[in-house]
């Protein structure tokens, strides 16, 4: 796409004014926090003296000030990395997290720490950069047959990120002693004990910033199609490779220095555009500065005595501060739409492959039987047909897992079809996070509640978040990239609230930790029955949407011409999906990603018609959850592994393999 380069001011006044406000507030809070460490009258003496005269001077010069510098440099680096990814790939959703870059760096560091600690002798930075590069290359390799379209890159990146994150969680679970320090460090805490991390990070980020500024005019040509850039004498492949290398190195260095901080790389370039940075030169100048100031502000807030005395991850608060601002700005700006998304969903092929559907159903039934009769006990593997043993130890978990998978599979395929967005799912769009918000609210009211109370709270939370998504998405004409940004922002807000509640401690902490992990070993009979009832009703009601979904595929204008109330239809289907998601979230938590994986798996089997796709996705989701639950209770018996983690570990590679096979 060739974008017309208009002659107009590169920025509006709102951007520098906003940054001035954030900067002044950050300086004020920094002065307050530094004053608590050392009185202001002694600051110059502490900086000029060769040897600290007191513990306070030591903390000021070697802990507080390096932390301030690292916060600014990390925000700068992540914003620069996100901007380079978005510019190079012509993709407004590209950033280190959505491309799996940060997850690759994190996984490489964790694997080295547990299995090859000798490699850490070369430094954490090179290991993290190698891991980041391998993960990003994996994403591009998977998408090579699809022409590296924006939609396929983000899908592959999300699944690679999910799979690597799952691997990290399992390593931490299996090797808690070796990985304990890294598990705490990787949440994005900025505590420092010297200037070396700041110097390394500053050298890397400022060098990358300078190279980007030097290449700025050439990078603008990447907004054009490659054929046009080549005709102008440029080599877009080389230019894209250089910019991606800078983005990967900068992102890997940040992970090696302070761990993973999400959202900054995605949100800050979008914030800068929304605040008035109108071309790449302005973005290169202002977006890194804005990211640095935003992270400094967040870090100074968490150090205030009233804010858990600094025991709250800075990255989480940065997301909590930036997400609402991004939502407000998104409602008033135009979308850089991922053009291939809607075409990919609405050009549904009219193929019916009953043998594939029957095969999925048969596989699910076989897995159901195996899950009930095969397991491990004190004496080893057991093939048991004892009805009482099955009812007491296995039936509830199997029933709950199958029901949750069915509900998420149905919700995922309906949301993807009604939004014409293959990246949409209950987890990505924030509907699962809404259910979590309802559960958190219920925990504040009472720690003793029934399954019905929990379902009602989750349903209300899902409906509230879903309503917010629909209202905001309608203003953007349901643009695929805008829906995903809105969903990520809402999920970020809810995730930050959950992290805040966990950091506060109390009786809600244990319940939320178990829930966020997606473990099914504490499922009660009432919860299993509730999930099974809702899943049965969902399977009965789903066929009623068949005709409406087929008409929606024709486009909004044609659907209205045929008499279909488009808004009411969308609202009813999303309402139905929200209630189904709430029931499933009670069982597996908010992060199973079955709703994203199952519809794509059945679509790649050639099942495209609405009704067969709904049922196939339901059974595929159920099969994923059955396998995950069975592995979770047998792999490391008598210990348990969360089913949601194993679902991602099983479904992620399968999805990536099938995506790699597509042309």
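Glycine is treated like the rest: Cβ placed from N, Cα and C.
All annotation found in TrEMBL is predicted automatically rather than curated by experts.
The shown structure was predicted, so the numbers you read here are calculated from the model rather than taken from an experiment.
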Checklist entry - TrEMBL lists transmembrane segment for one of the ranges 38-58, 122-142, 521-541; which is that range? => result 122-142
Checklist outcome for this item: Among 6-27, 314-335, TrEMBL marks as transmembrane the stretch 314-335
Next on the checklist: Before we move on, state whether the transmembrane segment (454-473) and the transmembrane segment (356-375) share at least 3 Cβ pairs under 8 Å, counting only pairs 6 or more apart in sequence.
Outcome noted: no
Checklist entry - For the transmembrane segment (237-254) and the transmembrane segment (614-631), does the number of C-beta pairs under 8 Å, pairs 6 or more apart in sequence, reach 3 or more? => result no
Item to check | Contact call for the transmembrane segment (637-657) and the transmembrane segment (356-375): at least 3 Cβ pairs under 8 Å, seq gap 6+ | outcome: no
Checklist entry - Are the transmembrane segment (614-631) and the transmembrane segment (356-375) close enough that 3 or more Cβ pairs fall under 8 Å, when only pairs 6 or more apart in sequence count? => result yes
Next on the checklist: Using a threshold of three or more Cβ pairs below 8 Å, and leaving out pairs closer than 6 in sequence, do the transmembrane segment (154-175) and the transmembrane segment (195-216) count as in contact?
Outcome noted: no
